[in-house]
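Novice: Questions regarding the structure given below will be posed in turn.
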Amino acid sequence: MPKKKPTPIQLNPAPDGSAVNGTSSAETNLEALQKKLEELELDEQQRKRLEAFLTQKQKVGELKDDDFEKISELGAGNGGVVFKVSHKPSGLVMARKLIHLEIKPAIRNQIIRELQVLHECNSPYIVGFYGAFYSDGEISICMEHMDGGSLDQVLKKAGRIPEQILGKVSIAVIKGLTYLREKHKIMHRDVKPSNILVNSRGEIKLCDFGVSGQLIDSMANSFVGTRSYMSPERLQGTHYSVQSDIWSMGLSLVEMAVGRYPIPPPDAKELELLFGCQVEGDAAETPPRPRTPGRPLSSYGMDSRPPMAIFELLDYIVNEPPPKLPSGVFSLEFQDFVNKCLIKNPAERADLKQLMVHAFIKRSDAEEVDFAGWLCSTIGLNQPSTPTHAASI
């Protein structure tokens, strides 16, 4: 079907001509922004939503600590805490991430400067950015509030996420990664369920990508975790590229489909407990690892084996076969899609262009799925008065 010529995006400058977070000449900025947005292939609904977000954003002005009122905590991780806040001057509800860093003023200023690139990241698949500032030893990053939270939170409520839903997630992640790469020459560097956000309108967006090299370096010492989504080449310290993000997406999809972090892979007994039936396939053939004396049983999922120490886990990712989806419960297309994401050699791993034309993505794109309805019933959210079908995302 031929694509309709997109309607020009309508952005009206803020009436008082005020600067958007320190940027001046609003008129010129808006013209440039309008041009950039018209290059994106947006449908009518996406266009209207981006327009509405950017028009709201113009009312925000300079962000200051005193202008925020805390509503609730949304989550913690990645070196920071995220709060749902009200921005009193504009009345907007935002997500505010606070990152505490002991750093020199010059480094701090560089981080704030580097984060300004986020003002340029306008896509239906990327969380909207209001601005960043420093106050009282903390860097604040203010973003669009996504009322469905992150997919790791959704997974906890859902137990497992259905394949049809993960099809829509895959499309959004691929389009988000493609946008970052093609329009901004940046890779995400941290694709995982907690960095994929969703909302009651059925939107799926990436957040927390590596736009500030200085912030990545400053936070490098704060890595604490029991799971890793990093690719084998990245863990080995060799050169890595956007192919590394594709591995992370594949690993995240297996986790969300099966209902637990997939390393070490579940054995036949655990798969039977997870899916309520006997499951065929390689994922079920892994012999149980010997249990270290005195190590506690894992409370994660239904695995009776001890939790891996982080060095064991990283060694497993680098040296053992990659995770797979068990056969018999998922379509062959989905299994093949995941396998192509989880090839250990990055040169052989599928790239974004190949994944976009994969049979699983083509099928998922054509499917009518009420993503918003599924999300709202799963996590107990009220659906907006005009529900969104993810097919139109």
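Our numbering is plain: 1 for the first residue shown, then up by one each step along the chain.
Every residue gets a Cβ built from N, Cα and C, even glycine.
Features from Swiss-Prot:
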REGION    1-27  region 'Disordered'
DOMAIN    68-361  domain 'Protein kinase'
BINDING   L74, G75, A76, G77, N78, G79, G80, V81, V82, K97  ATP binding site
ACT_SITE  D190  active site, proton acceptor
MOD_RES   S218  phosphoserine
MOD_RES   S222  phosphoserine
REGION    270-307  region 'RAF1-binding'
MOD_RES   T286  phosphothreonine
MOD_RES   T292  phosphothreonine
MOD_RES   S298  phosphoserine
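Describe the structural context of each listed feature in the structure shown, including burial, neighbouring residues and relevant distances.
Specialist: Mean pLDDT across the domain 'Protein kinase' (68-361) comes to 89 in this model.
The number of other CB atoms found within 10 A of the CB of L74 (ATP binding site), across every protein chain shown, is 20. Following the DSSP three-state reduction, the secondary structure of L74 (ATP binding site) is strand.
Around the Cβ of D190 (active site, proton acceptor), 18 further Cβ atoms fall within 10 Å across all displayed protein chains.
The Cβ neighbour count for S218 (phosphoserine), using a 10 Å radius and every protein chain shown, is 20.
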Novice: Could you say which of the binding-site residues A76, V82 has its Cβ with the most other Cβ atoms inside 10 Å?
Specialist: V82
Novice: Test of understanding: give the count of other CB atoms lying within 10 angstroms of the CB of G80 (ATP binding site).
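Specialist: Summing over all protein chains shown, G80 (ATP binding site) has 21 other Cβ atoms within 10 Å.
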Novice: Closest to S218 (phosphoserine): which of the recorded positions L74, G80, D190, going by Cα position?
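Specialist: Nearest listed residue in space: G80.
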Novice: Write down the Cα-Cα distance for D190 (active site, proton acceptor) and V82 (ATP binding site), rounded and given in Å.
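Specialist: One finds 17 Å between the Cα atoms of these residues.
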